[in-house]
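According to TrEMBL:
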{"type": "DOMAIN", "residues": "23-287", "note": "domain 'NADH:quinone oxidoreductase/Mrp antiporter transmembrane'"}
{"type": "TRANSMEM", "residues": "59-80", "note": "transmembrane segment"}
{"type": "TRANSMEM", "residues": "92-114", "note": "transmembrane segment"}
{"type": "TRANSMEM", "residues": "151-170", "note": "transmembrane segment"}
{"type": "TRANSMEM", "residues": "177-196", "note": "transmembrane segment"}
{"type": "TRANSMEM", "residues": "202-221", "note": "transmembrane segment"}
{"type": "TRANSMEM", "residues": "233-253", "note": "transmembrane segment"}
{"type": "TRANSMEM", "residues": "273-293", "note": "transmembrane segment"}
{"type": "DOMAIN", "residues": "289-343", "note": "domain 'NADH dehydrogenase subunit 2 C-terminal'"}
{"type": "TRANSMEM", "residues": "323-346", "note": "transmembrane segment"}
Amino acid sequence: MTQIVQSTLLMSLGLGTMMTFASTHWLLAWMGIEINTLALIPLMVQNPHPRAVEAATKYFFAQTVASALLLFATFSNSYLTGTWNIPLMSHPTPMALCILALAMKVGLAPLHTWLPEVMQALDLRIALILSTWQKLAPLYLMYQIPLTNSNILLTLGLLSIIVGGLGGFNQVQLRKILAYSSIAHLGWMILILSISPPLALLALYTYLLISTSLFLSLMLLRAKHISSLSTSWAKIPTLTAILPFILLSLGGLPPLTGFAPKWLITMELVKEGMTLMALIAILSSLLSLYFYLRLFYTTTLTTPPNNLPGTLPWRFHPQHNTLVPALTITATIALLPLTPTILAYLTW
């Protein structure tokens with residue numbers, strides 16, 4: 001794929017998301033999401049491997065079903081209420097169908113089954129786009145829908161946290177582990193979206209930051225399997241020493257950045273009288289923390305394999321730009337003291 005074609009596709013990704021952000025009309029928002037989807041599929045198959053083609057096909061079918069359901073829901077809303085305006089939706093049935101269609105778009109449980117299989121077959125760079133940028137437009141539309149009953153969001157969020165925790169067990173492929181991690185973190189955002197949108201935005205920003213730093217670190221280490229982390233010390237020792245802190249921040253352990261949104265969301269749920277739901281979400285997060293600690297154990301606490309010196313990976317100079325990973329990793333580890341300032345800015 002030439003640089004011009006790749007640049008055009010990346011610009012289309014940005015254009016589709018911005019078009020959705022700027023729309024209050026359902027058809028224009030739907031067109032923005034479709035531009036996003038159609039721009040990502042050629043990027044998935046730029047390395048024409050059979051597994052990449054299979055992943056692109058699965059992604060296309062899942063997004064097609066979700067788009068058809070979303071279009072049907074918006075037409076139904078127009079027929080029942082006479083408006084295409086997103087914030088003016090009032091009929092409960094089209095609203096529920098829109099939420100389910102957007103949940104399938106982002107990969108919320110129980111409509112998540114396509115996400116781990118698709119991410120497993122993708123390059124880490126494209127998997128980063130799929131797990132971060134592609135979530136923004138559907139989540140924005142979910143925020144715009146004026147739900148009169150938030151039970152559907154609470155159910156989807158809680159199910160996603162549980163499935164994201166359970167799904168990562170016994171996984172050895174790093175991209176599948178990151179896919180289930182994405183499902184669990186999306187669950188936290190959706191759980192609090194109808195109660196406190198600024199906290200949902202804080203959780204989204206934190207997830208984007210930590211996921212970006214983790215994906216960039218894995219790109220530098222060229223690691224796609226859990227066993228490859230055990231020899232990463234021979235490639236970039238400094239990054240291998242920092243990687244466990246990124247994983248623990250993704251798990252939400254204090255005093256790292258990832259602790260802030262889970263702590264604030266739990267406090268807000270308890271304040272709203274949803275103590276049982278907060279307890280289930282915290283216990284389910286312990287399941288996610290288990291496989292983060294498993295990766296932590298693999299990267300730092302195990303002895304390197306007893307290989308001959310000639311069979312160890314060579315310590316090449318990184319071919320990627322290391323400035324962006326350095327900045328994102330620093331923010332991933334050390335932003336917790338700035339949480340009150342960030343939250344005040346989001347609620348302003």
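Sequential numbering from 1, following the chain as shown.
Yeah, the Cβs are placed from backbone N, Cα and C, and that goes for glycine too.
Where the annotation comes from TrEMBL, it is an automatic prediction and has not been curated.
Nonlocal intrachain contacts for the transmembrane segment (323-346), taken as residues 6+ away from its ends with a CB within less than 8 angstroms of a stretch CB, comprise 198-199, 201-202, 205, 209-210, 212-214, 216-217, 220, 239, 242, 245-246, 249, 254-260, 264. For the domain 'NADH dehydrogenase subunit 2 C-terminal' (289-343), the model gives a mean pLDDT of 72.
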